[in-house]
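Undergrad: Got a structure for you, written out below as structure tokens; questions coming shortly.
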Amino acid sequence: MEEHYFTPPEDERYLSDDTPIIVTFHGLTGGSNEAYVRSILAPACASVEDGGLGYRAVVVNFRGCAGTPVTSEKLYHCGNTDDARQALMYISHRYPKAKFVSGLGFSLGANVLVRYLAQEGQRSRLIAGCALACPWDLHSVSYNLSNGAWVDRMYSRMLAENMAALIKAHKDKLARNPKLTTALPYLFSLPSPTLWDFDPYYACEEKMETNNDITRRDGAVLRWRAQGDFYRWASSHTALSDVRVPLLAINADDDPIVHARDLPTDVGSNPLVALVVTRGGGHLGWFVSSRRRTRWVRNPVLEWLRAVGQGLAARSCGGGGLSMSDFEQGQFLCEDGLPGLGCRPVEGGGKFRGELLRADTLRVISV
């Protein structure tokens, strides 16, 4: 049984049980505290009387991010959709009368969102998706960051340092994984690691799961023979043709991490997918100006969320329209058809001490 733990909300303002829900997935080493997340969710969750959409938002903090505890020897990665799948199942269980308006993904979280939508197809609990600054072709992005111009290598080092800081914060739990026991000392010894240096020892060694269509059918376990195999498997650009709900994806043509030449142009003749490339915006920036830190991208995103909530959500049934049943298996909430996954709430409230965010060790490069 793969364990997932979720914290109940604390001091939650009153919302009706059928309030539409936005489910959000943040970027690498980010969390619900990120400015790019709050810039969209604040107006989306404001009451209609105050000019907002009146929605409920749930941010899925990846394992170890934003002060969340790591409860096993497994972390998260760009291709893992099981955590998203379990989060959606848990939210459906907690709010059975509510409708999922849309998934909202940022950077790495956008990649996870697109892969989830493609894997689930018609079974998706989410009736729509919005992907911002999705990295798409992870092999090209990672290679370019680690082998490109000095600015590319700078970004790669900063991202890798953030991941190293996150792993150090949870090294005691992660060290219980025998594959990481030998890799962790090497990772910590690197003076200026890049993502390309980092992933062979963490992602490609540790990432084994049973969540895609192939492994779900035969129960096999994925093992990576080469670093490129993992990146190609975890990428989302090749999955666009399998998405079966409306998907809006927005990237910037000057994104220093996701180069314009690596953006997908072929959606496999899928009429449900809209790819948008903006003039300027950087990586999760989209600021009005250098002086005004307001993000203009929130306006089209809010329009998308409003349209989905007023249109698609009204025609869907609760929990994303799935017919699969949820049931209790021991102390874990499990889902019919996914016997290897389960989740349960952790004890205590939904707030973590501020120092657990480790802002002193994580570099901010996207806000």
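Each residue, glycine too, has its Cβ placed from N, Cα and C.
Reproduced below are the annotations present in TrEMBL:
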DOMAIN    20-285  domain 'AB hydrolase-1'
ACT_SITE  Ser107  active site, charge relay system
ACT_SITE  Asp255  active site, charge relay system
ACT_SITE  His283  active site, charge relay system
Undergrad: At the Cα level, what's the spacing in Å between Asp255 (active site, charge relay system) and His283 (active site, charge relay system), rounded?
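TA: Between the Cα atoms of Asp255 (active site, charge relay system) and His283 (active site, charge relay system), the distance comes to 5 Å.
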Undergrad: For His283 (active site, charge relay system) and Ser107 (active site, charge relay system), what Cα-Cα distance in Å is obtained after rounding to a whole number?
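TA: About 8 Å separate the Cα atoms of these two residues.
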Undergrad: Taking the Cβ of Ser107 (active site, charge relay system) as centre, how many other Cβ atoms lie within 10 Å?
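TA: The answer is 26.
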Undergrad: On the 0 to 100 scale, where does the mean pLDDT of the domain 'AB hydrolase-1' (20-285) fall?
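TA: It averages 84.
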Undergrad: Count the Cβ atoms, other than its own, that fall within 10 Å of the Cβ of Asp255 (active site, charge relay system), considering every protein chain shown.
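TA: Its Cβ has 23 other Cβ atoms within 10 Å.
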